[in-house]
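According to Swiss-Prot, the feature active site, proton acceptor maps to 72, 143. The active site, for ring-opening step annotation in Swiss-Prot covers 141, 148. Sequence annotations record features per position, and here Swiss-Prot assigns site 'Part of the allosteric site' to 151, 158, 160, 161, 254.
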């Protein structure tokens, strides 16, 4: 596992955006051989999307031959709802780049058969071989995507019941009213994430510090699904200084020295 300990959330957004651009450009995608990118929603990746849009507008990257798969979607929320993840992705990213609509893959939380929808999603991912880079965030309780504590580390795309803690955290997007937050979501599984060629997780803020500690210094534990990154041969965690508050000083210093060359020019 790589840990990139940066100063603040703005730096996390810039570093992660540059990393995605480097991976896409090095891959040299074509229509027949697209770059497959996994994407999250939430407040943490907003800086990354902002930077990616800026880099695209500067002519330094194209998304014409990029295929995307999003991590999750609420069940029962209309696609047009302002807090649906469909709306989030189009408003904050897709509407501002040159990606082809047919290359955008999002789970349908209103599918008449959600189990069939989850199987379809897994099959669509498999049809591309693998996801080249899956970017994600993490919850305060260490969940990645909507793989809540005690999720199987071998899980695939499925419907999940959201914990009260997650619904309380997400109520800030629903005028602070937890009753408006859906109780269920469709989500890729931990196993789905681990199948990706590379996984990059963004961790910002003191509230995520226990989750980061579990990921980096803890043991692999299904109560902290982020800890499954330890099983991945090519995982990278990009964090800010407040998120490192529960890590040992020597741990942070070790990774800071190790990644010094990769943290220049921010």
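Keep in mind that glycine also has a Cβ here, set from the backbone N, Cα and C atoms.
Neighbour density for residue 254 (site 'Part of the allosteric site'): within 10 A of its CB lie 14 other CB atoms from the protein chains shown. Within the same chain, residues at least six positions away from residue 72 (active site, proton acceptor) with a Cβ under 8 Å of its Cβ are 40, 41, 85, 107, 145, 146, 185, 186, 187, 188. With all protein chains in the displayed structure included, the most crowded Cβ environment within 10 Å among the recorded positions 143, 158, 160 is that of 143. Straight-line distance linking the Cα atoms of residue 158 (site 'Part of the allosteric site') and residue 148 (active site, for ring-opening step), rounded to a whole number, equals 12 Å. Under a cutoff of 8 A between CB atoms, and with a sequence separation of 6+ in the same chain, the neighbours of residue 148 (active site, for ring-opening step) are 141, 160, 161, 162, 163, 166, 225.
If you count neighbouring Cβ atoms within 10 Å for each of the recorded sites 151, 161, the highest count belongs to 151. Each residue contributes its Cα atom, and for residue 151 (site 'Part of the allosteric site') and residue 143 (active site, proton acceptor) these two points are 9 Å apart. Residue 143 (active site, proton acceptor) sits 25 Å from residue 254 (site 'Part of the allosteric site'), taking the CA atoms of both as reference points.
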